[in-house]
Amino acid sequence: MIKSLLYLQQELEARIKFPVDYPYSPPSFRFLTKMWHPNIYENGDVCISILHPPVDDPQSGELPSERWNPTQNVRTILLSVISLLNEPNTFSPANVDASVMYRKWRDSKGKDREYIEIIRKQVLATKAEAERDGVKVPVTLDEYCVRTQVPPTDDGSNLLYDDYYDDEELEDEDDDEDNNEDCFYDEDDSGTEDS
């Protein structure tokens with residue numbers, strides 16, 4: 001199977017709408033950018049299992065575990081959509097024509113170029129639009145990945161370790177107990193003033 005990043009370097013605009021009972025019901029995801037993809041309807045709506053309500057529908061071909069559940073979040077939705085862009089589900093297409101074209105391209109191992117040419121034209125169109133809008137579309141993996149700066153360590157108090165115990169201190173305390181032989185204790189003292 002051909003694995004490709006056809007949508008790399010394309011600015012994709014999308015809208016996620018959250019229902020009032022989110023996270024118990026799934027949001028909807030719609031591309032505002034024109035898309036030619038087996039799992040995207042002409043209006044831009046994305047057809048993906050995790051955005052389907054959690055009902056048991058034997059006709060859908062989806063397991064209930066593949067559908068929406070309240071543990072899903074925006075991150076898991078975006079990761080699923082990105083994965084779907086690069087690995088379409090041709091068994092349950094939203095755009096049958098795009099699905100047929102994609103399968104021809106995939107099965108020909110890239111020799112049938114009709115599908116890829118449509119995508120290439122869309123990528124070029126969105127790049128031109130991004131330039132007009134002053135948006136810099138990442139080109140390399142380094143540009144896509146956000147590098148975080150680790151703050152410098154503070155030699156001051158670290159609350160996690162403020163209550164540490166040093167083995168040497170514990171040994172010193174044991175030694176102190178042994179050295180208490182010089183102290184006198186009244187073994188008959190009950191702790192009350194009477195004794």
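Even glycines carry a Cβ here, placed using N, Cα and C.
Noted in TrEMBL for the protein shown:
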- Cys47: active site, glycyl thioester intermediate (ACT_SITE)
- 163-195: compositional bias 'Acidic residues' (COMPBIAS)
- 1-128: domain 'UBC core' (DOMAIN)
- 148-195: region 'Disordered' (REGION)
Checklist line | For the domain 'UBC core' (1-128), mean pLDDT (0 to 100) | finding: 87
Check: Of the residues in the domain 'UBC core' (1-128), how many are helix, strand and coil by DSSP?
Finding: 49 helix, 11 strand, 68 coil
Margin query: Return the residues near Cys47 (active site, glycyl thioester intermediate) by Cβ distance under 8 Å, restricted to its own chain and a separation of at least 6 in sequence.
Written below: Asn39, Ile40, Tyr41, Ser92, Pro93, Ala94
